[in-house]
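Visitor: Pasting the relevant annotations from Swiss-Prot:
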TOPO_DOM  1-7  topological domain 'Mitochondrial intermembrane'
MOD_RES   Ser2  N-acetylserine
REPEAT    6-98  repeat 'Solcar 1'
MOD_RES   Ser7  phosphoserine
TRANSMEM  8-37  transmembrane segment
MOD_RES   Lys52  N6,N6,N6-trimethyllysine
TRANSMEM  75-99  transmembrane segment
TOPO_DOM  100-109  topological domain 'Mitochondrial intermembrane'
TRANSMEM  110-130  transmembrane segment
REPEAT    111-201  repeat 'Solcar 2'
TRANSMEM  179-199  transmembrane segment
TOPO_DOM  200-210  topological domain 'Mitochondrial intermembrane'
TRANSMEM  211-231  transmembrane segment
MOTIF     235-240  motif 'Nucleotide carrier signature motif'
REGION    235-240  region 'Important for transport activity'
TRANSMEM  274-291  transmembrane segment
TOPO_DOM  292-298  topological domain 'Mitochondrial intermembrane'
Amino acid sequence: MSDQALSFLKDFLAGGVAAAVSKTAVAPIERVKLLLQVQHASKQISAEKQYKGIIDCVVRIPKEQGFLSFWRGNLANVIRYFPTQALNFAFKDKYKQIFLGGVDRHKQFWRYFAGNLASGGAAGATSLCFVYPLDFARTRLAADVGKGAAQREFSGLGNCLTKIFKSDGLRGLYQGFNVSVQGIIIYRAAYFGVYDTAKGMLPDPKNVHIIVSWMIAQTVTAVAGLVSYPFDTVRRRMMMQSGRKGADIMYTGTVDCWKKIAKDEGAKAFFKGAWSNVLRGMGGAFVLVLYDEIKKYV
């Protein structure tokens, strides 16, 4: 195996393992966030049964659906996240060679910054093309609030994918893809671009204290998450459309979804669950730092 292939494989494994561990740890926060985001577009949650906020959601989930339901959809998320994060990190370095070849970070700061933004955004968009159906299934499984098998919309990951594919075809599994690409480019650009730029400005980027790394990563994930959050809300709402027919369809398209949320629920609705997203972002920050630490030993 060539050095290049070995380096790619190390990136793939380090990124994937770090991501799988952190995602499972923050899965309950992720599910609360998703429910708050999509409950207005759910056929299972009537207006009077909607969650009032994070605390109400955290209290009611174990009571109504059982404690383990906090991890509903987590298998899809781990399966999805392993290739997503691993491909992101692996492609990030390939894209960095394209966008940053021969750029001096101290003498050409803005070109260096722009190159980092471009490489981070391109890496995120590329990997999304491969794993979007898993992202879709993760959202639909997390939004499924039925308690027993009879009340559930889907029995599991395979059932969700096959049911929607039979109903809507491949298009159904890629519902909301366009707005996802927009959001992911904005998020990843900040996530990787600002993180790498900040680390690159330090005197000795190769030997940064783990606490400093974590603090930089924490700030980056919180800011990136909030900036791209409205795009995430719209894409999740669009995902909830798949499998619906006729009068059940809430939004005719992405633009209609943006308009209706703003008109019917107000601008605040775009940020429903955003606070839990900041908490979940701690897991994202942990991934960046853990990835750097794992790479030192492989």
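Each residue, glycine too, has its Cβ placed from N, Cα and C.
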Visitor: Helix, strand or coil at Ser7 (phosphoserine), per DSSP?
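Guide: Note: Ser7 (phosphoserine) is helical by DSSP.
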Visitor: Can you tell me the three-state DSSP label for Lys52 (N6,N6,N6-trimethyllysine)?
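Guide: Assignment for Lys52 (N6,N6,N6-trimethyllysine) reads coil.
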Visitor: Between Ser2, Ser7, which of the modified residues has its C-beta surrounded by the fewest other C-beta atoms within 10 Å?
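Guide: Output over modified residues Ser2, Ser7: least Cβ neighbours within 10 Å is Ser2.
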Visitor: Restricting to the motif 'Nucleotide carrier signature motif' (235-240), what is the model's mean pLDDT?
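Guide: That stretch averages a pLDDT of 95.
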Visitor: What residues, ordered by sequence, lie under 8 A Cβ-to-Cβ from the residue listed as 'N6,N6,N6-trimethyllysine' and sit at least six positions away in the same chain?
Guide: none
Visitor: Would you kindly list the residues that approach the topological domain 'Mitochondrial intermembrane' (292-298) from elsewhere in its chain, counting only those six or more residues past its ends and only Cβ-Cβ distances under 8 Å?
Guide: 10-11, 13-14, 17-18, 210, 213
Visitor: Could you say whether, by DSSP, Ser2 (N-acetylserine) belongs to a helix, a strand or a coil region?
Guide: coil
